[in-house]
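Here TrEMBL flags 38-45, 51-52, 88, 142-145, 153, 169-170 as substrate binding site. Under the heading active site, tele-phosphohistidine intermediate, TrEMBL lists 39. Summarising the annotation, TrEMBL assigns active site, proton donor/acceptor to 142. The site 'Transition state stabilizer' feature in TrEMBL is assigned to 212.
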């Protein structure tokens, strides 16, 4: 690890520890951060195919989007990451974390069974402290599109009609043939969020969730208290981070640009801006 990266890692540890020094006390209020990222472009996104729960990887563009997201997040505090069980989500999370200032190693947590949990144990506390746990959950998977999976979206519209395909894709309660409605996707994704991710935020942990258009729409519906009509019209760009602040039991959206070319991504809170400024200043003094 370089001197700069080593210093940055130490600074991150100081700022995200449970016993911060007085100089960082303003950041350690009852504030925590939630970062939401839709995976980068997948190989079936590129081909305009219904993907759903088919497990396909990122394109070259998707890899670049994930790396760009990581650069934008490089000075944000992070304690734990959640992904879906699908490879495009996990690739995005891993590539994003390679850009993080702290140079911590993302470690996928395996709890599929007792043997998997035992075999993946880490026995060094120092190594644990230089790691970011990555939790994968099928409940964060993309909406299952049933008989539409693998079909070309344009060709499907020509066969069944644009209005019918639009109802399958963008109606809250309507299911595609043998697939999930957005309402069904919401039930599993939001239940998982409430039971597993929200308690981390309540405990003051800084969390990133990397998932899919419909599972994230579902979570955002909960965070922003959106109506079914509002949520079906919500567009999420691939690889674009969205920031929420969790404070006093409420979620406050702080930024979501329409694309990756905008100069300003987030509206920082005072504490978060202080964190970023202190990190950058300390890095520069060590160069």
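The first residue you see is number 1, and the count goes up from there.
Quick reminder: no glycine exception, Cβ is built from N, Cα and C everywhere.
Automated prediction, rather than curation, is the source of TrEMBL annotations.
Long-range Cβ contacts of residue 52 (substrate binding site) within its own chain (separation 6+, distance under 8 Å): 142, 143, 144, 145, 146, 148, 149, 179.
If you take the Cα of residue 41 (substrate binding site) and the Cα of residue 212 (site 'Transition state stabilizer'), they are about 11 angstrom apart, rounded to a whole number.
Rounded to a whole number, the distance between the Cα atoms of residue 212 (site 'Transition state stabilizer') and residue 44 (substrate binding site) is 13 Å. Counted over every protein chain shown, other Cβ atoms within 10 Å are most numerous around 39 among the recorded positions 38, 39. Note: the Cα of the residue listed as 'active site, tele-phosphohistidine intermediate' and the Cα of residue 153 (substrate binding site) are spaced 19 Å from each other.
Counting other C-beta atoms within 10 Å of each candidate's C-beta, the binding-site residues 143, 153 are led by 143. The recorded positions 41, 142 differ in how many other CB atoms lie within 10 Å of their CB, and the one with the most is 142.
Note: the Cα of residue 153 (substrate binding site) and the Cα of residue 212 (site 'Transition state stabilizer') are spaced 17 Å from each other. In sequence order, 38, 39, 84, 86, 89, 140, 141, 142, 143 are the residues near residue 212 (site 'Transition state stabilizer'), counting only same-chain partners six or more apart with C-beta under 8 A.
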